[in-house]
């Protein structure tokens, strides 16, 4: 992106100081969210989220797989994010790779919790088909950044949430008589599907610290002025599912606690907004099909 | 509306579509036979001696358009004026650019054109206002005038023999723009007019509509002659400020006053709404939209909500249909 002149930088910082940002938002206001679901017919679930000029697509693909031997009653989820060169010329070639890995690992941290799946936003045991059998569902979550104007992590988080609520998992019949140490035969139904339970999937709220204040949903211009950013993923119950920090400058512990309580407050509004948007998008999607 | 994605509810969608139907019915009357899309025939009435201009090509003895636009004729020349195109500079255009490089005796500027523009040190007024030859010392001090990334307002001087575009800034009204924000809109939405610098007195802001689609909305600055001391002073202060981050009373004073900032943001959002809807941008319309949003008692950020887009579209449809009724 292009740089900013000293005057513009001061203007942005002053706006954040005075609680009136360049596009007229308050410090803790999101941009209008535009959401579509079911945009990729081949995927089990997909969604597109636009936050201002930021535009991301998330898709979920469900496949049968083998569970990890240490956690036999849990499914697997992998998250991969790709930054398209259409979003920014610097993403061309290998340019976007660093950001892609950063985003994917941040999303993994925010959504998947620990290695065992404890504290995960996505309930891994719901991906188990039959307890103790060597078969489970694998979720492949792919994110694509089509256009970037800051706050990609929140947008991706919202897109993944929408894509998961759009996801259907086929009903399966497992033949019961197979020996337990072998992969059982699985009969996948083409007609009957189960809705994926998304009540526990958190939203991600990124608080970007500029000067002495922090803001939500920063644009690229505002992100260029940031000292550090804390991303908190919070579920419907107001519990924290994950936490990541970006940016070089350190944060005082009280500031972290402060951001968390602010994020919790913001996440309630965002969660409600997203739920209504997802419901509207699903209704619109069904009407078309 | 292609490319426009808003979360409209049913009622809003209906109103929005109706407004655009009105707009379309108004525009198609005027020159429906002259507008062409790619591969349309351009009727030349079997005249032999025509000159094929930009956006035309001959195929199987027929003249076809290679662009979407309006067919224009100047004597024997036939060309297509595209509806949507990159900015093409014309001499005398007032434009806004961003410095990308400080080169020997010149600044290179990004101006949304297919090539970068050049502003020579010799084609701008020196800040001290004295007419003289530019010395080596001046050349060394170029960064004290404009640095990289600075936003600058200038005038198109013309194309040089080698094809590069030259700018000039021979007046106090041109130069560095500070304390405000730069918006980028499609350049065809800015029409060339007599006046591109606007001082909106009632809001205390400056509005510069660059012909290249860069629009500056900022705090009003009085044009003064003693620029150089002022300039270096300010940048010095700003640097100091960015280091000692916040809290100080002095710092507060340096920032744009909240009322002015509100007006800047309001005007900027008005421009954002208008450009997303694809309406021509003039000062009158911008002030109208700003007043509208004020009379509706909307918060500044609510101007970017779906409802306001619908209202602006309806307003524009109403505005455009009025003069035709009077005639």
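Cβ from N, Cα, C; glycine included.
Broken down with DSSP, the domain 'Exoribonuclease phosphorolytic' (A:30-170) shows 38 helix, 48 strand, 55 coil. Residues or ranges marked as domain 'Exoribonuclease phosphorolytic' by TrEMBL: A:30-170 (among others).
As annotated by TrEMBL, domain 'Exoribonuclease phosphorolytic' applies to A:200-264 (among others).
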DSSP-derived helix, strand and coil totals, residue by residue, for the domain 'Exoribonuclease phosphorolytic' (A:200-264) = 16 helix, 26 strand, 23 coil
Average model confidence [pLDDT] within the domain 'Exoribonuclease phosphorolytic' (A:200-264) | 89
